Amino acid sequence: MQTLINIIVFILILGIVVLIHEFGHFITAKSFGVYCSEFSIGMGPKLFSKKIGETEYEIRALPIGGFVSMAGEADNEIEEFKDVPFERTINGISCWKKVVVFLAGVFMNFILSIVILIGVYSFIEVQDNTPVIGSVSDNGPAMMAGIEAGDRITKIAYDGEEYIIGSYDDIREVMGKIESDDKTVTVEVELVRDSKTLTKQVNAQYSEESGMFILGVISGTRQLSFFEAVNYAFDQFKTLSLLIFTTLGQLFTDTANTIGQLSGPAGIYSTTAQITATGSISQLLIFLALISTNVGIFNLLPIPGLDGCQVIFALVEKMIGRELPLKLRYALQLAGLALVFALLIYVTINDVSRILG
């Protein structure tokens, strides 16, 4: 039963991300007068269709995204588009409009991510970055030294050096600086409890998981106001985006190491299953936002067949004053798609190896 739930959630996550991307292309193309013959929710055989105006709206059997058919696309010069006026094709609109259409899918992915993050952080509590202790680990160094929840750490001293603590991040930073061959080191922690200043000797332990010495203290949490949630969501979106951009950039500078860290559908399914098993709706939504951001940024890459390259084609055609030869576009798009599929197969093999290993 759990496996079935995992599969359904996995399909919904990918379906929502792809569908919102295609909807971005569709709504902007329609607004610029481009003839769109189909807008489909899902793939595969049709379950339901209704023609409204010139566009047939469809629901298909496989809930794995969707697609939009626009007149002028290199890969769908079908009979229905033969009588469509040139000015109503994607190639017949101005350069800036083409750029907007091609980037609209990415934009919608980003909007989806931000809206999800704002919604999640409006309802869940987030880590409080103040140096006030939310809780201490059972039988951990801090508990054994007498540190309690609610204590505010103001100073940490080790090996003759004193460090002023103004945030929870400061605690992590100071503990991360400690180097020792021993598995336990003694640090002096100054704290405030009930307006009184106390000093505790803490035998910090080395954690293999975090790769640093730890006190065994956990930050507090707090509920954000709506406006705080908006700011926090944008900060998280920026952090996610920079991380993804950095990783994709390393594909070109450190290909061998970076490509092994990427995940494909198998890796996404594995993570989806792990989160689904916890029953955490908020973590699942945050993961959806991460996938949507990933898809948006990946589509910005200048690889033929992706939106980023379509933008480059539009700009090049504007510069040279004519359309690129159709055969050239076909060849580049096929090469680009072959590259993407090859990468997909490679990372899927890596994902399966990691899961089974």
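For all residues, glycine too, the Cβ spot is worked out from N, Cα and C.
Over in TrEMBL, the protein carries these features:
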type	residues	note
TRANSMEM	6-24	transmembrane segment
DOMAIN	10-343	domain 'Peptidase M50'
TRANSMEM	99-124	transmembrane segment
TRANSMEM	284-316	transmembrane segment
TRANSMEM	328-349	transmembrane segment
Task: Residue numbers, six or more beyond the limits of the transmembrane segment (99-124), whose CB comes under 8 Å of its CB atoms - done: 16-17, 20-25, 27-29, 32, 34, 90, 93, 224, 226, 229-230, 232-234, 236-237, 240, 282, 285-286, 288-290, 292-293, 295-297, 299-300, 307, 310-311, 314-315
Task: Residue numbers, six or more beyond the limits of the transmembrane segment (328-349), whose CB comes under 8 Å of its CB atoms - done: 74-75, 259, 262-267, 303-306, 309, 313
Task: Folded-back contacts onto the transmembrane segment (284-316), same chain, C-beta under 8 angstroms, at least six residues removed - done: 9, 13-14, 16-18, 20-21, 95, 98-99, 102-103, 105-107, 109-110, 112-114, 116-117, 119-120, 237, 240-241, 244-245, 248, 268, 271-272, 275-276, 324, 329, 332-337, 339-340
Task: For the domain 'Peptidase M50' (10-343), the mean pLDDT of the predicted model - done: 89
